[in-house]
Amino acid sequence: MMDFHIFRLFHFILVAIFIFHGSCYSGEAGYYSFMKDATIAPKLSYFDYIVIGGGTAGCALAATLSQNATVLVLERGGSPYDDPTATDMGNFANTLLNTTWSQLFISEDGVFNSRARVLGGGTVLNAGFYSHPEEDFLAESGWDRNEVEAAYEWVEKKVVFEPEVKGWHSAFRDGLLEAGVSPYNGFTYGHVHGTKIGGTIFDKDGRRHTAANLLEYANPNMIVVYLHASVHKILFATKGNRNPKAYGVIFQDANGLFHTAELAAQDVMNEVILSAGAIASPQLLMLSGVGPTAHLATHGVNPVIDHPMVGQGMGDNPMNVVFIPSPQPVEVSLVQAVGITKYGSYIEGGSGLSLSISLTGSFFDGVLNLLKKTKLPTETISNSLKSFDLRLNVMTKAGVIVQKVTGPLSTGHLKLRNMNPDDNPLVTFNYYQELEDLNSCVEGLGTIIKVIDSEGYSKYKYPEANPRELLNLILALPINLRPRHITSTFDLKQYCKDTVMTIYHYHGGCQVGKVVDNDYKVLGIDALRVIDASTFLKSPGTNPQATIMMLGRYMGQKILRERTNFRDKEEGRT
């Protein structure tokens, strides 16, 4: 008999369905003299490097480049320091659903997703887990391993902590080991099979530290960060050049006025660098005329170069969740322990999330507005959303365990919706299209069931709670827009497809070897690079933020060395 307060589970689901959705120049984080609103930007300005996007990679990249060059960062969102408590761990769900820093979109697969629009990018919204990638990922990248390790350490000195493992996570860890996800590897940033405790960007007081904190490394005399600066187009010079050459950008401020920023002409090493993320980077390339010519023509975009692979290989690691009401209080925690299995599924968890905003007036209104723009079936989901009393002010008493599929092998594509860079493009991820991904999900859910049934986890679940019944409760909830099949109640493969959610680990669209070379330079174009997760062929490790921040630092160092070497050669010839 399911008499373990189902209403608690229901409330928790409404909150948590969107989960997983050197020297210092600049002083304290957030007190940046170089951070300004784009409305005060001059009509025309010149810089050595123009970085489009002040997110997970962009902040690390810009802080590094500013050591030896002038840098402009254009961030479409605002500052996370405007409301410091909003990023605390206890406000995780509220901040993720708050449309100020988070932009909802619905993939063409019918899955709710969200994009960051704030300085620091996804590190302002995510669940905070910090872990290095698997050895294969590093080996295939071709990166210099010593430089990689130094770049990780540079990030970790500023924003990463060892979590304090308390009751719920201790029980979850013990449950993973009992379920066979062994050995226990303790606290480590490394990606090793078994169960481990990873790093976190939350400190011991639950305060979030984001990629924006890496700007403390920046030279304030060499960098400008404009907020609420929406880049509309990258500018290219084509006459007299073997390849089209990026020379600047056009961006719009919050008042609707347009500004131009150009590369300083005196140095041929100057570049425009796209660090806008896996959604915006391929979108902006297309809007600027770099993409599949036939597709660009349907939107009236004049092609600069035919680049058919822009927007291809879009990946998002699929996630499926189980919620477990607890008979006793649980601490507020996000991802700390993780099970790294040998069958391609990662098992993570969190507990005690709280919510105190009106979802009716914010998130679900956004959902309903987006539904009007889609071709997806909307009547049922709209009625369901409207029928809920979503004005909640609750502290949940439950845990959540999720499985994420590595890779994934299943990928999709991105296309323009229109010519507005602030609108979401059309994105298809093709969740669970490949059988191997689907099999990993089934194995992952099987492991979660073993964890719930384990002795180690037992005090955090009601004795009469049946794990399969807990899974099936998800089928009745509007966690996505996908159809439900009656077979899902006894077929885990169908269940995986029907209840898939995002873990917000978008990648692809500007992949290495297809759109950019191994130095992240756009193929066939001069003075333009892409440095962010859009270049990845798969998501690194259990969680990508560590590697994306590292990449910004790593490539910033490499670019500066190239700049210095070029100058040395030039001086040697004079």
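Each Cβ is built from the backbone N, Cα and C atoms, and glycine gets one as well.
Per TrEMBL, the residue from C59, C441 that shares a disulphide bond with C496 is C441.
In the predicted structure, the domain 'Glucose-methanol-choline oxidoreductase N-terminal' (277-291) carries a mean pLDDT of 98.
If you compare every pair of Cα atoms in V118, V231, P544, Q545, the residues listed for FAD, the longest distance is 25 angstrom. Panel annotation: around the domain 'Glucose-methanol-choline oxidoreductase N-terminal' (277-291), residues 52-53, 55-56, 76, 105, 115-116, 121-122, 231-236, 301-305, 307-308, 310-311, 314, 414, 416, 419, 421, 424-425, 427, 506-510, 515, 522, 525, 530, 532-534, 536 of the same chain, lying at least six beyond its termini, place a Cβ under 8 Å from a Cβ of the stretch. Of the disulfide-bonded residues C441, C496, C441 has the largest number of other Cβ atoms within 10 Å of its own Cβ.
Counting only the Cα atoms, the space from V118 (FAD binding site) to C441 (disulfide bond) is about 32 angstrom. Here C496 (disulfide bond) is positioned 25 angstrom away from Q545 (FAD binding site), judged by their C-alpha atoms. The sparsest Cβ neighbourhood within 10 Å, among the listed binding-site residues (V118, V231), is found at V231. Put simply, C496 (disulfide bond) is 38 Å from V231 (FAD binding site) when counted between their Cα atoms.
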